[in-house]
């Protein structure tokens, strides 16, 4: 009876990504680090989803795109937390396909956020009508990219998780790494153009003081400031996976423990990296003060009063109008601003 499965027992006891026994400390360390980094990303995504729900930041197109990015990063993190290194089979193919799909989906949403900002700011095009197209691209293109290796049968054990196997190195780079770094480079170019245009417009808004223009300048700077970090963050978390996959291509039978460790330290961090960029927006932290949290929770759970987001664009600032309400010149009243929805009542003598 014992002689019937010594081969399977031997295969199951091998740690394929460092060529050691499964109880070797290197294998244990890599699996634990993979789960830890995946868990950190998962927690970061849950925190982002909670804040978006709590503060109702899902109405404008930009907010909806960040929400979709968070959802994609959440499911991407789930793939990294999945179990141990699976042997070749249906479960391994499922994990590889899941990982490829949501890796691509998160990347697609980051690219579309960049394109949306570029169209809004540089081309001055309203993009609300593109919402459905954005969703088709962000969820449809990843489906194609994840299905191609599955249909070819190229998925299998590929290190600390299942992905495209070592026998198909060209597919690894064609499906993921070449498009990834090409898109990162294009996003950096887009943000460079966006920042140049924004700086030029801020310097061109000269002349008499106009509160609306000042508000637009501040809003423009604050909008660009956190978003410009998305390409840099993706570049940072993708460098070590690229180096490790290049090492695997040249030395398929001799995986490097330090490179594999750096790979599992950085690759699952997309969700945590998105949360980091998310947290760079100071407006979020001002709304997440103890008082703000208490009011938001009361609005969500207890109170029927709806605490809505303040949209300064609904207020149009004008020059002060002098209104003579009495015979005395010193009793003039300055109308500082008005809203189209607000009625100014006449004041009695």
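The backbone N, Cα and C atoms fix where each Cβ goes, and this holds for glycine too.
Note that TrEMBL annotation is computational and uncurated.
It is 66-82, from the ranges 66-82, 83-99, that TrEMBL records as transmembrane segment. Check TrEMBL against the ranges 36-54, 207-225 and you find transmembrane segment recorded for 36-54. If you average pLDDT over the domain 'G-protein coupled receptors family 2 profile 2' (30-186) in this model, you get 90. Against the transmembrane segment (175-196), stretch 102-121 has more CB pairs under 8 A than any other of 36-54, 102-121, 133-155.
Under 8 Å from some Cβ of the transmembrane segment (133-155) lie the Cβ atoms of residues 65, 68, 72, 92-93, 96-98, 100-105, 108-109, 112, 116, 162-165, 167-168, 171, 175-176, all in the same chain and six or more residues away from its ends.
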